[in-house]
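**Q** Please read through the structure below; I'll follow up with questions.
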Amino acid sequence: MEFSNWTTAQEFIFSAFPCSWGDSVICFIPLLFIYAFIIVGNLVIITVVQLNAHLHTPMYFFISALSFLEIWYTTATIPKMLSSLLSEQRSITLNGCVLQMYFFHSTGISEVCLLTAMAFDRYLAICSPLHYPTIMTSRLCAQLTLGCCVCGFLTPLPEIAWISTLPFCGSNRLEHIFCDFLPVLRLACTDTHTIVMIQVVDIVHAVEIITAVMLIFMSYVGIVAVILRIRSAEGRRKAFSTCVSHLTVFLLFFGSVALMYLRFSATYSLFWDTAIALAFAVLSPFFNPIIYSLRNKEIKEAIKKHIGQAGVLIVKSRNLP
């Protein structure tokens, strides 16, 4: 497969995908399955939470909001990956690349903020159970979620606006599977200013990640301190079980994100760059519906109830004359 080496039409060529058609199809099939599962799984969670009145609580409100963001987070990159795997040219325009970076990072940062808000919710529920219903009202939940989205969609704007003004006069081979800040910046006409701005981008990402991690860590320090004071083993188990799903999603998502964006001057091979990118852009969203449904008794029971009701309706419709 031949690629042009210089940008003439302001477009980039993804060069991290397999070159052979057979390898591309082998990658395409599981990626398509994963994307379909992410969309269906998160839609099921949103629908189940909306249809069951006993799930209209702050925790499930945040879970359904996270599911909604996950759909758009993955839609920002995976459909283009799928089309690139089946395409010979595998190109994306500069404007398309900028838009992909913006929506990928804005939804990702919104998720980071929402996971932080969910940690605060668990902290209040366990550490201040008597005041929890009066503090964590539906209005506050909506305000926190809206604030997370506003923060997420505003934070990457300066970086995106700056990148959109850069000249790209070198190779147009983008060594990644989707548009991201550092791979794109490496293709800009390099000068001292660009190198300094790459370092600034690294620092901005580090501050965002470390701030969220510290807030979540402090919430869980308070939670663990309270749980350890509970006398009965059953009480400790029940209290901690409400946090397990959130903690698992947090570790899975932030672990891979930290590897990618807290590297500073460290460089990885193309293989490891791609593997880490797949971990937080594809695998983490894939596991989230599983974690929030299979490890959550209330959501599992609600899903079983609706499947049973659907089965009864299908049988009745078949028995009609």
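Yeah, the Cβs are placed from backbone N, Cα and C, and that goes for glycine too.
Sharing the feature lines straight out of TrEMBL:
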type	residues	note
DOMAIN	41-292	domain 'G-protein coupled receptors family 1 profile'
TRANSMEM	28-49	transmembrane segment
TRANSMEM	61-82	transmembrane segment
TRANSMEM	102-120	transmembrane segment
TRANSMEM	140-157	transmembrane segment
TRANSMEM	209-228	transmembrane segment
TRANSMEM	240-262	transmembrane segment
TRANSMEM	274-294	transmembrane segment
**Q** At least three Cβ pairs under 8 Å linking the transmembrane segment (61-82) and the transmembrane segment (140-157), pairs spaced 6 or more in sequence?
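**A** Result for the transmembrane segment (61-82) with the transmembrane segment (140-157) is yes.
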**Q** Under 8 Å for C-beta pairs, could you tell me which stretch among 28-49, 102-120, 209-228, 240-262, 274-294 has the largest tally with the transmembrane segment (140-157)?
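**A** Stretch with maximum Cβ contacts: 102-120.
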**Q** Sort out for me which stretch, of 102-120, 240-262, 274-294, has the most Cβ pairs below 8 angstroms to the transmembrane segment (28-49).
**A** 274-294
